[in-house]
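Peer 1: Next up is a structure, given as structure tokens.
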Amino acid sequence: MCGIVGVLGTHEVAPILVESLRRLEYRGYDSAGIATVNEGRLDRRRAVGKLVNLSDLLVHEPLAGKSGIGHTRWATHGAPSEVNAHPHKAGPVAVVHNGIIENYKALRDELRAMGAAFETETDTETVALLTQYYIAEGLNRVEAAEKTLSRLEGAFALVFLFDGEDDLLIAARKGSPLAIGHGDGEVYVGSDAIALAPLTDKITYLEEGDRAILTRGSVDIRDAEGRRANRPAKTVSIDAARVDKSGYKHFMAKEIWEQPTVLANALDAYLDGDRIDLPEGLDFAQSERLTLVACGTAYFACLTAKYWFETLAGLPVETDIASEFRYREPPIPAATTALFVSQSGETADTLAALRYCRDKADRILSVVNVAESSIARESDLALPIHAGVEIGVASTKAFTCQLNVLYLLALKAAVDRGRMSPDALAAALAELRGLPGLFNAALDRDPTIAEAARAVAETRDVLFLGRGLMYPLAHEGALKLKEISYIHAEAYASGELKHGPIALIDKSVPVVVMAPKDALFDKTVSNMQEVMARGGQVLLITDAAGAEAAGGDVWKTVILPEAAPQLTPLLYALPAQLLAYHAAVAKGTDVDQPRNLAKSVTVE
Ligand code: G6P
């Protein structure tokens, strides 16, 4: 999604803005731009495509000035083009925007009636034009921005910069996050703390409805009612150095390969001997129902957790995609725990689903990677996944870390509900502690997976099959592959094969079967035979016992170490990620920023 930065600095600001935008690249974007005020004069540069195009433009057409704003755009209204790229400018005003102005059509009509001319197809341009109009009517810059903000409906983060004012930025947050950074005689604003990491670690997060009037010497924050608001500055721990590729070709590769260490750290944060160290008061004994809601990869983590909570803790679970959940007005019986899973903690649909449950559910839990995010802050209890900053748009380590926390919660629920003895818990935790080592062993299978991926890269369609805990993972494997390699991939429960997808099988469609040698293995082998009998090429991901039992007709086999049955979703996620990664590399796609996708989806 769109990324925003703003700087009131003491040095030339254009390179600082571009560097900050580079740190927001992970969010996904299709064009970029900056505006500065130099000797009172507002000017801007914009370019379609990657940031390098903007940097090249700035070499030929530099922008001087020590104050400015910048933006990476993920198109919603109007195609990616220079004209539609931000900052949008109208007379003395430039704005950058993340989100959607839902009433922009009505505002456009109103502005058109007043004689305004439109240059772009964007919703954002109405914000610049409206502010220009109010300034022309005689309001000062701050009043004009305030009045404009009061007219806007929808979700947005906005930053305004003005001609003639090189010591003024106005920032506003409604729905989309914004962070203010405090420097030495400088002040910054950004979509998140990552953007500002090399500049400062002192951050103030704006709350819903806040607006901030920034100068180099003052940060004046007002709440939605216009009252002065005292928002604390925090020292955040995102150090600049961690947001690099550490020698890997892509962030995604780094994030896949660091999973053994990341999981070990996450376990350290949650395990205390034979105990799961969760906040006091978190008890599932009286829960009658659990509702799990998320989007994308986080949703497949929820789908996996459903199996755990139901089988281990006997707790009925409903799972749903946030964009469906929020609008179908689901009844939420009392004694329901509602749990929201989100890497970013900012996904608009997940946040809206949380708000829907606010006064209905018994309590609101969230599992997030960003502790300061909106979803974390609006939950009764937010459990961090401790994955560290994830930059690759396709989620990898966040997925396994989400699964880890969800599994720990399921174990806790099993104990609380009298379905698991202390000894059984100790045994389960010992298995979990062994998982980082198994992750390493799984990553050792990389050459076999890479070889299979190069063949998969030649195909147009791929099917993923799994049963039980492997069924949600089949979905995650298919999602990963399509996200970054653009190969069409679909997942089915193995038992569903005969109910339709078998019609797709021929020798050009690889079928990835994820099947450890568990209680359901023989049934999956039968489904595999049905595929192979029709010329289908099976890539079997299994363990040594599974490989032996499957026989020799499969196209390729990836043999993983044996793991406790409940832990297989975490372990089998790694080959699924590697398969997608290598297929994308073979196809030469943009692995870390796949086309059309965004890391943090802050619009519906
Ligand atoms: C986007 C990302 C996915 C992610 C999903 C949900 O689609 O590309 O990787 O799973 O949003 O994001 P969240 O931050 O809520 O986990």
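Heads up, the Cβ atoms here are built off N, Cα and C, so glycines get one too.
Straight out of TrEMBL:
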type	residues	note
DOMAIN	2-217	domain 'Glutamine amidotransferase type-2'
ACT_SITE	CYS2	active site, nucleophile
DOMAIN	278-419	domain 'SIS'
DOMAIN	452-594	domain 'SIS'
ACT_SITE	LYS599	active site, for Fru-6P isomerization activity
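Looking at the shown structure, can you explain where the listed features end up?
Peer 2: Predicted-model confidence for the domain 'Glutamine amidotransferase type-2' (2-217) is 94, expressed as mean pLDDT.
Annotation note: CYS2 (active site, nucleophile) sits in a coil segment as assigned by DSSP. Cβ neighbours of CYS2 (active site, nucleophile) (same chain, under 8 Å, six or more residues apart in sequence): ARG27, TYR29, HIS71, THR72, ARG73, TRP74, HIS86, VAL96, HIS97, ASN98, GLY99, SER191, THR602.
DSSP states for the domain 'SIS' (452-594), grouped as helix (H, G, I), strand (E, B) and coil, give 74 helix, 29 strand, 40 coil.
DSSP classifies LYS599 (active site, for Fru-6P isomerization activity) as coil under the three-state reduction.
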Peer 1: Hey, what's the Cβ neighbour count for LYS599 (active site, for Fru-6P isomerization activity) at 10 Å?
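Peer 2: Looking across every protein chain shown, the total is 24.
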